[in-house]
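Take a look at the structure set out below.
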């Protein structure tokens, strides 16, 4: 019995035990008040008044001491001893009170029932057996001294039967309650596990998910949606506060649910998304489930297919142009070697050669664009990669040009094809050094790596102190064949943008207030699938 414990939970067991103490204290107090009042002779027909008085006081004092000094325990032995003592003391009061007419037998039935909530199986039935035997034996002893007690055997037997019935019924009810609670706990655990799994799946989804109530307050947002909204936490906030365009789109959908929502940008500088709405009817409140599908990857795949077809066409055209262009350049070179040419004619042949070289460079860039291989993104530690890039770059620096590196705090990683990143960065650095040298005679470029404070995405800025780009030409900066130099091909920045997009990165340009230009590359999240 020492090794056995209560099957109830600790909280339930302690609560029932406290109620048991309170019940016994109440009974003891009522008995003491009854024997101390004038109602004793009217209510009780005591056979042994002095024994009943002493027993009532002992019962009250015993229960007070138990309530004050018995430590809470889940061991069965202390509870068994307490219940058995309680039954024996009530049996003594039953005898002193004159047996069945005293009404103490009913208190025994209640005591047995409460004890069997805490004690289960044969241990609980021992308490019922003790009470039943006590009732029968004490009724027998009373019949020896009081002839009227001989008529109480049936009632005493009935009370004993009630003790066993109460024990068995209570144990069955408690057992069923335990099974119900166990099943409820198992189901609650299953539901909790499913909720955790659903939350994990929801957070790992690349599709942004928002749940909005009828007041347009955001109830739930997964990590992808937070990234699209450029926020850390939007729960409880108004949808219109963070994305007025999405709010307007949802209102239009409420008016006409069959309308296909147009693509939009959730935030001004964010990617283009395709929203879709599903109504979640919840009685009087109507919730809306919003899916935000980033279509930049779909557009990127379509762009790659378009470029693949265009690349094959341009490669054929470039190849056809290259042969006659080579003949023109060769003829101009032979003509320039003639001794009969005067100075103006030599100048013309030089122009032919210079423009032929420029045209050949355009053809080379077009062929390079058409032969561009599929991106193979890798997990990159940008700090380590940039440090290696800067260490290896001095061999390509001219005169006293300088390349500076500024690294932000913490671990900064992304997924990108390292060869294509090298190609993009080399092009941007060369442009920056060239324009910086034109403005100051010495080229300087700064590479600054950090995390965007809003999106937490890795950001690399290529900064120069050159003249910058005229405001009226900013919109055309990344278009093919757009150039601000007579010797440029206009394909470098276009190719850089295409390489960034094929790696799910974004490149932007802005003029700095203090002068110069800044190309900003926003990389993809390191856990984003390619």
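Positions of Cβ are set from backbone N, Cα and C atoms, glycine also.
It is 156-174, from the ranges 4-22, 156-174, that Swiss-Prot records as transmembrane segment. Mean pLDDT across the domain 'Histidine kinase' (316-527) comes to 82 in this model. For the transmembrane segment (156-174), the list of distant contacts is 8, 99-100, 105-106, 108-109, 112-113, 116-117, 120-121, 124-125, 127-129, 131-133, 135-136, 139: same-chain residues at least six beyond its ends, Cβ to Cβ under 8 Å. For the domain 'PAS' (196-260), the number of residues in each DSSP class (helix H, G, I; strand E, B; coil) is 32 helix, 11 strand, 22 coil. Within its own chain, the transmembrane segment (101-119) is flanked in space by residues 6, 8, 13, 16-17, 19-20, 23-24, 27, 44-46, 76, 79-80, 83, 86-87, 90-91, 93-94, 127-128, 131, 134-135, 152, 155-156, 159, 162-163, 166-167, 170-171, 174, which lie at least six positions past its ends and keep a Cβ under 8 Å from the stretch.
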